[in-house]
Amino acid sequence: MIAAQDRKIAIWNIGVAYIAFLIGTLCGLLQVFIRNDALQLPAWLDYYQILTAHGVLLALIYTAFFIFGFFVTGMSKTLGTFGPKVWLFSWIGFWVTLIGTVMATVMIVIGEASVLYTFYAPLKASGWYYVGLALYVVGTWISSFALIGHYLVWRKKHKGEMSPLFAFMTIATLVLWLIACLGVVATVLFQYIPWAFGWTDTINVELSRSLFWYFGHPLVYFWLLPAYMAWYLIVPKLLGVKVFSDSLARLSFVLFILFSIPVGFHHQLTEPGISNFWKFLQVVLTFMVIVPSLMTAFSMFATFETSGRKKGAKGLFGWFKMLPWKDVRFTSIFIAMAFFIPGGAGGIINASFQLNEVVHNTLWIVGHFHITVGTPVAMTFMGMTFWLIPYLTGRQFTKSMQTLGFVQIITWTIGMLLMSTAQHILGLLGAPRRTAYSAYNNHPSALEWFDGIVTSHVTMAIGGSILFLSAMILIYIVVMTMFLSPKAVKPEDIIEFPLAESDRESSPKFLENWKIWIGIAFALIFIAYAIPLSSMIQHAPPGSEGFKTW
Ligand code: HAS
């Protein structure tokens with residue numbers, strides 16, 4: 001077990017993550033009913049307020065705090081107990097992130113920031129909302145630098161050695177995060193805050209959106225990579241084998257640093273003001289960022305196959321039966337992976353320049369992110385929660401908890417299948433996103449959207465309710481394993497951190513030469529963004545004043 005002082009940081013991070021998860025999923029439940037016209041909100045509560053809270057609390061807050069909880073635990077386990085400076089900065093990072101989170105959440109709750117998690121200008125929230133967001137980012141930076149410091153100390157002491165795979169992957173994810181945040185920091189500090197406090201009258205909308213998406217796309221890999229860490233490092237351990245290839249795993253993370261950032265325009269393909277050439281260039285780079293996910297899929301199948309063969313499996317798919325289905329830690333992650341097959345395929349559709357015309361800003365995209373971040377990432381985090389909290393608290397993950405864990409992941413799977421399939425179909429039929437329920441003056445086309453069996457109001461509501469039930473079961477498991485389950489005393493009750501071995505010394509040293517990768521990443525960012533961004537500044541259209549539409 002890791003040192004108590006490091007465990008405490010991890011537990012607090014995970015605790016905050018699950019408070020955000022609880023409120024965020026409740027907002028999700030309300031949303032499904034409102035969007036189906038089955039619920040009328042009281043006058044003091046607004047649909048967009050709930051939608052903003054849902055997006056911010058689940059996509060930004062739950063993920064970030066959980067990820068840091070996981071990183072702190074794994075870095076302490078693989079590189080040793082934190083020194084006093086790393087410990088101090090991890091706490092400072094945690095508190096600053098939390099203060100930012102609370103500020104932003106309060107602004108949403110009091111109705112001063114119903115601008116959704118993408119906070120597109122010219123919608124204008126209270127200036128304090130943007131200050132909250134800025135503090136959130138600064139806090140995560142402080143936590144990131146603390147972990148990077150811990151890694152540098154280890155490297156100094158282990159000159160010439162490859163770092164453990166967990167540490168390498170953590171640093172790669174943090175490097176990606178630090179570079180990605182530059183965009184959002186620039187727009188929040190230099191555009192939104194002066195505008196929202198009235199120091200400037202107008203905002204350059206195109207520039208603000210482009211800087212947001214410079215950040216917004218790598219943001220999704222900041223969520224995905226910790227899930228991939230579990231796929232690469234935890235799954236083989238549960239299967240009783242080593243990591244399939246240490247160098248393949250490292251290379252795939254390096255490719256994410258290179259290609260996940262200069263691609264933000266694929267979220268703006270329908271926007272005027274950016275020439276087709278730059279959009280096309282970023283579409284090509286988007287197709288490059290698919291490669292490391294395909295490498296990951298390959299590596300997973302190889303891991304399943306190796307473990308199956310080891311257990312005597314025969315034939316092409318014999319390994320399938322040999323997988324440890326009764327272990328909820330594994331089954332949860334396997335379902336998460338399976339969801340990512342259609343999730344990733346949907347991403348490829350979105351990224352295809354012409355097809356994007358069909359799906360952009362429709363409910364299809366909402367379906368897409370529920371089967372990327374909402375299941376592959378979230379369900380991997382759920383599967384990790386089952387052992388991570390008991391590992392940190394020294395409590396048991398009892399048999400009844402294991403059974404409840406299965407109920408939880410199965411209900412999540414059913415709920416998500418119903419809801420996301422409906423969203424994909426509704427999107428193809430033309431139903432828009434980012435809007436509250438509207439029948440468009442009872443226009444026949446709009447009414448037809450909800451005529452299908454899967455797309456009916458009833459099915460959607462059932463899907464959403466099942467998801468909420470599942471979330472509540474998870475909260476129950478979290479509370480039990482955090483505070484109430486019996487302490488693990490007998491060796492068989494003690495929960496370990498299931499970390500697979502990897503042949504790190506077989507990997508080429510240049511994979512850990514960060515200067516090369518960060519240098520290439522900046523060169524690609526420069527190529528993809530320098531000219532279009534400078535032209536947005538030089539040929540800036542008249543800016544927009546702010547609008548409060550709620
Ligand atoms: Fe996306 C919009 C393109 C991946 C999240 N995406 C979004 C939004 C979110 C999001 C939140 O190009 C909405 C933003 C908003 O509010 O406007 N996305 C992609 C592409 C990928 C992709 C090309 N997205 C993700 C991931 C996300 C995420 C991951 C969260 C974690 N996305 C887009 C585009 C848009 C977009 C456009 C803008 C649309 C618009 O017009 O607004 C790729 O990274 C996907 C590559 C993935 C694969 C899948 C590999 C499969 C694996 C599983 C193997 C399974 C195994 C199990 C081993 C190629 C690794 C075996 C199981 C058996 C059953 C046999």
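Just so you know, the numbers here start at 1 and follow the chain as drawn.
Positions of Cβ are set from backbone N, Cα and C atoms, glycine also.
Taken from TrEMBL as is:
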- 1-485: domain 'Cytochrome oxidase subunit I profile' (DOMAIN)
- 12-34: transmembrane segment (TRANSMEM)
- 86-110: transmembrane segment (TRANSMEM)
- 130-153: transmembrane segment (TRANSMEM)
- 165-193: transmembrane segment (TRANSMEM)
- 213-235: transmembrane segment (TRANSMEM)
- 247-265: transmembrane segment (TRANSMEM)
- 277-304: transmembrane segment (TRANSMEM)
- 330-349: transmembrane segment (TRANSMEM)
- 369-392: transmembrane segment (TRANSMEM)
- 404-426: transmembrane segment (TRANSMEM)
- 458-484: transmembrane segment (TRANSMEM)
- 516-537: transmembrane segment (TRANSMEM)
(Q) Check for me, if you would, whether the transmembrane segment (165-193) reaches the transmembrane segment (277-304) - at least 3 Cβ pairs under 8 Å, residues 6 or more apart in sequence. (A) no
Q.
Are the transmembrane segment (404-426) and the transmembrane segment (330-349) close enough to be called in contact, which here means at least 3 C-beta pairs under 8 A that are separated by 6 or more residues?
A. yes
(Q) Would you say the transmembrane segment (213-235) and the transmembrane segment (12-34) are in contact under the rule of three or more C-beta pairs closer than 8 Å, pairs 6 or more apart in sequence? (A) no
Q.
Pairs of Cβ atoms less than 8 Å apart decide it: which stretch in 130-153, 277-304, 458-484 has the most with the transmembrane segment (213-235)?
A. 277-304
Q: Quickly jot the same-chain residues contacting the transmembrane segment (277-304) by Cβ under 8 Å, restricted to those at least six beyond its ends, or write none.
A: 221, 228, 231-232, 235-236, 239, 241, 243-245, 248-249, 251-253, 255-256, 258-260, 262-266, 268-269, 319-320, 323, 337, 340-341, 344, 347-348, 351-353, 524, 527-528, 531-532
Q | Predicted model, mean pLDDT over the domain 'Cytochrome oxidase subunit I profile' (1-485) | A | 95
